[in-house]
Amino acid sequence: QEITMNVGFGAPEDSLYGRFGAIFEELTEEYTGGTVDVRLRCCNQVSTEDEGFRAMQLGTVDGFFITANNVSPHWPLMDVTVLPYIFQNTDHLARVVDGEVGDFIRAQLLEDTGVHLLSFGPALYRDFYNSVRPVNTMADMDGLKIRTPNNAVMLATFEAFGANPVPLAWSETPTALQTGTVDGGDNGTAFIRDMSFYEFMPNLVILEHFVSMAPLFASSTFMDRLSDEQREQVMRAAIDAGNQFSEEVRTETEEVRQWLVTEGGMTRTDPDRADFIAAAQTVQQSVAAERGQEFVDLVNMINAAAE
Amino acid sequence: MNELLLLAIAFVVLTLIGVPLFAAVGLTTALALFLIDIPFTLLAQTGYTSLTPFPLLTIPLFVLAGRLMETGGMANRMIGIASKLVGAYRGSMGLVTVFACMLFGALSGSGPATTAAIGSATVPAMKKDGYDVPFAAAITASAGALGSLIPPSNLMIIYGLVSETSIPRLFLAGIVPGFIVTTLLMMTTYIIARRRGYGGGGDPFTWGPFLEAAWEGKWSIGAPVLIMGGIYGGIFTPTEAAGVAVFYALFVGFFIYRELTLRKLLEALRFTALLTGILILLTPTLAFGQLTAFYDVPAAVQAGITSITTSPFLVLLLIGIFYIFIGTFMESLAQIVLFTAVFLPLVVSIGVDPVLFGIFTVITCEIGFLTPPLGANLTIASRISKISLERISVAVLPFIGAYVLGMIILITFPDLTLFLPNWVYGPPSVR
Amino acid sequence: MGVLRWLEKHFEEALCCIALSIIAVAVISQVLARYVFEIALHWTEETAAICMVWAVYMGASLCVRERFHIRILVAVQSLPTRMGRYTIFMADLAWAAFSILMIRVSWDYLAVLWKFPSHSPSLGINEFYPQTILVIGYGLMLVRLIQTYVIWYRDGAEGLPGMLVEDGDVADEEHLF
Ligand code: NA
Ligand code: NA
C-alpha cells in the first residue's frame with residue numbers, strides 16, 4: 001500500500017529547499033520502490049515555517065524543512081547551531097553532523113519533542129548586506145540598523161558586533177529593507193539574489209558568521225506508519241539527499257556571490273574575521289552560561305569535534 | 001474530484017440555511033480533514049496562528065483610525081474641499097461624494113469605512129438636493145469602495161501578506177487605477193444626473209473659496225501626506241502606518257478640531273471591537289486554504305485553465321468573472337486568502353506581474369462590496385440612506401459597470417498599473 | 001449583582017477594547033522607539049500579536065451577542081415562518097456543533113502544547129497560556145449562543161431566534177474592512 005508523505009517548506013518551488021526536496025523525493029521513491037510517495041508542498045501552502053514544527057507534533061504535516069533558528073522556540077538546544085562561528089569550517093561541520101554529536105542531537109530532539117530529524121541538509125552561510133557602507137573592519141558595523149530574525153542569539157551577536165539589531169518578521173523584511181526602515185540584514189546567499197535585495201543593498205559582506213542549517217524533519221505520526229524497512233529506507237534517502245545536495249551547494253554559493261557582484265552590482269568585502277570571532281566568542285560564552293549545563297555540554301561536544 | 005464536489009455542496013447547503021460564514025467554512029474544513037485523514041487539531045492550530053501575522057493588525061487599526069477621523073471632523077473637511085472643487089457641475093453633490101471618497105480613501109485603508117465616513121454626511125445632502133435616494137446611496141457605496149484601491153489599503157496588505165508581494169509596490173500601483181476608477185465613477189454620476197436633471201447647486205469654481213477650504217482642511221490633507229511620506233521615507237512600515245494613523249486622528253480630533261470626546265473614542269473602540277470579531281472568519285478560511293494544497297487544487301485549476309487558454313488577458317478575464325461571482329456571497333478577506341494561493345501560481349506562470357494581479361484582485365473585491373447578498377458597502381449605504389438593499393442593488397448596477405470597465409482597462413494595459421512602482425523601485429525581480 | 005450584570009453586558013467588549021488599545025500603543029511605541037530614541041523594542045510585535053488574537057475571539061463572542069456575524073439569511077427569510085424557524089434551528093445547531101468541535105480539538109491541541117512546551121522568541125512566555133484563548137473564546141461563543149435561545153424563549157418564542165426583529169433591516173450588519 002502506497003503511503004503519502006506531505007513535505008512542506010516556506011520557500012518557492014525552485015528555491016534551495018525545493019531542490020533539496022526534489023532530490024529527497026527521487027531517492028525516497030527509488031529506495032522504497034515507490035511505496036512511499038513524497039509530495040512537496042512549497043511556499044507555506046500547508047503551514048508556515050514558524051508553525052511547521054508544531055504541525056509535525058500534531059501530525060497534520062508529515063515532514064518539513066525548517067531553518068534551525070525557527071526550531072529553537074520548540075527545542076532551545078537547537079540554538080547551538082545558531083551560535084556565531086560555532087563551526088570553524090565546512091569539514092568541522094561535516095564531522096559534527098555525521099558523527100556522534102549528530103546522533104546525540106537526533107536522539108535528544110526525538111525524546112524532547114517527538115519530532116525526527118532526518119537530515120541536517122546543506123550548510124548555508126548567511127551573508128551580510130547593507131545599504132550604508134562597505135564593511136572592512138568591525139568598526140564599520142557601528143550603529144547600522146540590522147534586521148535579524150526574532151532570535152535572541154542572533155540579536156546578541158549583532159549587538160556584540162557593534163550594530164543595532166532590529167528584530168523583524170520575515171514578512172516585514174523586504175519592505176523594511178526597500179524603504180530604508182532598516183539598513184541591512186543577513187540571509188543565505190541565494191536569498192539575496194532571489195529576493196532581489198542586491199537592487200537596493202549595494203554592500204555585500206562575507207562574514208560567514210552564522211551557518212544557516214535547513215534540516216529535514218518528520219513527524220512521529222508519519223514515521224510510525226512506516227514499516228521498519230521503509231523507515232530505514234526513508235532515513236537513508238534523507239541522508240544521501242543531504243550529502244548530494246551539500247556538494248551542489250558548496251560550489252554554488254561562490255557562484256552566487258560572484259553573480260551578486262558582477263550582475264547585481266554589489267560591492268563585496270571580505271573583512272578580517274579576528275575581531276568578529278572574538279566578539280562571537282563572548283556571545284557563545286554568555287549564551288551558554290545562560291542556557292545551563294545541557295547547552296554547555298553540547299557546545300563542548302561540538303568544539304571537541306574540531307580537533 | 002468527487003470529494004471536492006461533496007465539500008462544495010456541504011458549504012453551499014450550510015451557508016444557505018443561515019449558518020454563520022465562519023462556522024460554515026469551519027465545518028466544511030472539518031469534513032475535508034476527515035476525508036483525507038488529517039488530524040482535526042489543524043483547525044485549532046490555525047485558529048490561533050492565522051491571526052498572529054503582524055500585517056493583520058492594520059485591519060482593526062485602520063477601521064479605528066477611520067472612525068476617529070469621521071467623528072473627529074476630518075471627513076467633513078474633506079467634503080468641504082471636494083464641494084469647492086466640483087460643486088458647480090451637474091450632479092454636483094454626487095461628484096462631491098465621489099471626490100471626497102477619493103480623498104478620504106487616501107487616509108483610510110478600508111472601502112466600507114470610507115462609505116460610512118463620507119456617506120453619512122453626503123447622502124442627506126444629496127437627498128436635500130432632490131436626488132433619487134437609491135441613486136444617492138449607490139454613488140456612496142461605489143465611491144466608498146475606492147478606499148480599498150487608493151493606498152493605503154487593507155486588502156492590498158492582506159494580498160501582499162499571502163502572496164509575498166512588496167506592499168509599497170502594491171500601494172504605488174493602486175494610485176493610477178484609483179484615479180481611473182474615480183474618473184469612471186464621476187462620469188457615470190454625471191451622465192445619470194444630467195439625464196435626470198439633478199441640480200448643480202454649488203458656486204462655480206474659483207480659487208479663493210477652494211484655497212480657503214483646503215487651508216481649513218490642511219490637517220485632513222496632512223494625513224495622507226504623513227502616511228505615504230512615512231512609508232516611502234522609510235520612517236515606518238505600511239503596518240505601522242495604521243498605528244500612526246490612529247494617533248494622528250486622535251491628535252487632530254482632540255487638539256486641533258476639538259471635535260473628539262472621550263465618549264466618541266470609546267464608541268469608536270466599541271465599533272472596532274465588533275468588526276474585529278468578524279475576523280474570526282480568517283481562521284477556518286486559512287485552514288481550508290492549507291487543505292486545498294493537500295487536495296492539489298492549485299495544480300488542477302492551473303491545468304484546467306491553461307488547457308482552455310494561455311492568453312494572460314483571457315485568463316485574467318476568466319478569473320475576474322469567477323471572482324465577481326464568488327464575491328457576491330464571500331467576504332473580501334476570505335476571498336483573497338483562499339484564492340490567491342490557487343490563482344497566483346497560474347497567472348505568474350503565464351507572465352502576469354504579481355503586483356498587477358494584486359490590484360486586479362482588489363478591484364474584484366470592490367465589485368464584491370457592491371453585489372448582494374453579501375456586499376459590505378451596500379449594507380452600509382442602505383443603513384445610512386434608510387432604504388432597502390434591493391433598491392440600492394438595482395441603482396448600483398451602472399457603477400458596477402464602471403468598475404468592470406475599469407478592470408478591463410487595467411488588464412488590457414498592464415503598464416497603467418505597473419509603470420509607477422517600476423519607475424520608483426525598478427523593474428520587478430525575476431523570481 | 002450590579003457588577004455581574006455589567007460583566008454580562010460588557011465583558012467581551014471591555015477585554016476586546018483593552019486589547020485593541022494595547023495593539024495601537026505597541027505599534028506606535030515601536031515606531032517612536034526606533035525613530036525617536038533609536039532603540040529597537042523586542043516586545044511590541046509579540047504583544048500586539050497576542051492581543052490581536054484575544055481581541056478577535058472576544059470580538060467574535062461580542063458579535064454572537066450583538067448578532068453581528070456574517071450569515072446569509074435571504075433563503076431563510078423567504079421561507080414561511082415555521083419552516084424558517086426550523087431551518088434556523090438547524091443552522092444554529094450546526095453552529096453549536098462547530099463550537100463544541102472547536103473546544104474539543106483546541107483542548108487536544110493545548111494538551112500537545114502542554115506536553116511539548118515552546119517559548120515565544122522575545123517575551124519568552126510559554127505559548128500554552130496565550131493560546132488558551134481558543135477554548136475560552138469558543139466556550140464564550142457557545143454560551144452566548146445558548147443565551148440568545150434562552151432570551152428568545154423567555155420573550156415568548158416568536159419570530160426567529162437570535163435575530164434582531166426591532167427594525168426591518170435584520171442581522172445583516174455593516175462589516176467594514
Ligand atoms: Na485607501
Ligand atoms: Na458581494
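A Cβ is built for glycine as well, from the same backbone N, Cα and C atoms used for every other residue.
These features come from TrEMBL:
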{"type": "DOMAIN", "residues": "B:9-415", "note": "domain 'TRAP C4-dicarboxylate transport system permease DctM subunit'"}
{"type": "TRANSMEM", "residues": "B:48-66", "note": "transmembrane segment"}
{"type": "TRANSMEM", "residues": "B:87-107", "note": "transmembrane segment"}
{"type": "TRANSMEM", "residues": "B:135-158", "note": "transmembrane segment"}
{"type": "TRANSMEM", "residues": "B:170-193", "note": "transmembrane segment"}
{"type": "TRANSMEM", "residues": "B:235-257", "note": "transmembrane segment"}
{"type": "TRANSMEM", "residues": "B:269-291", "note": "transmembrane segment"}
{"type": "TRANSMEM", "residues": "B:303-326", "note": "transmembrane segment"}
{"type": "TRANSMEM", "residues": "B:333-352", "note": "transmembrane segment"}
{"type": "TRANSMEM", "residues": "B:358-380", "note": "transmembrane segment"}
{"type": "TRANSMEM", "residues": "B:392-413", "note": "transmembrane segment"}
Under 8 Å for C-beta pairs, could you tell me which stretch among B:48-66, B:269-291, B:333-352 has the largest tally with the transmembrane segment (B:235-257)? B:48-66
Sort out the residues at least 6 away from either end of the transmembrane segment (B:358-380), same chain, that have Cβ-Cβ distances under 8 Å to it, and list them. 111-112, 115-116, 119, 140-142, 144-146, 148-149, 153, 155-156, 159-160, 163, 165, 170, 173-174, 177, 181, 316, 319-320, 323-324, 326-332, 335-336, 340, 389-390, 392-393, 396, 399-400, 403-404, 406-407, 410-411, 417
For the transmembrane segment (B:48-66), the candidate among B:135-158, B:170-193, B:269-291 having the most Cβ pairs under 8 Å is B:269-291
State the mean pLDDT for the domain 'TRAP C4-dicarboxylate transport system permease DctM subunit' (B:9-415). 89
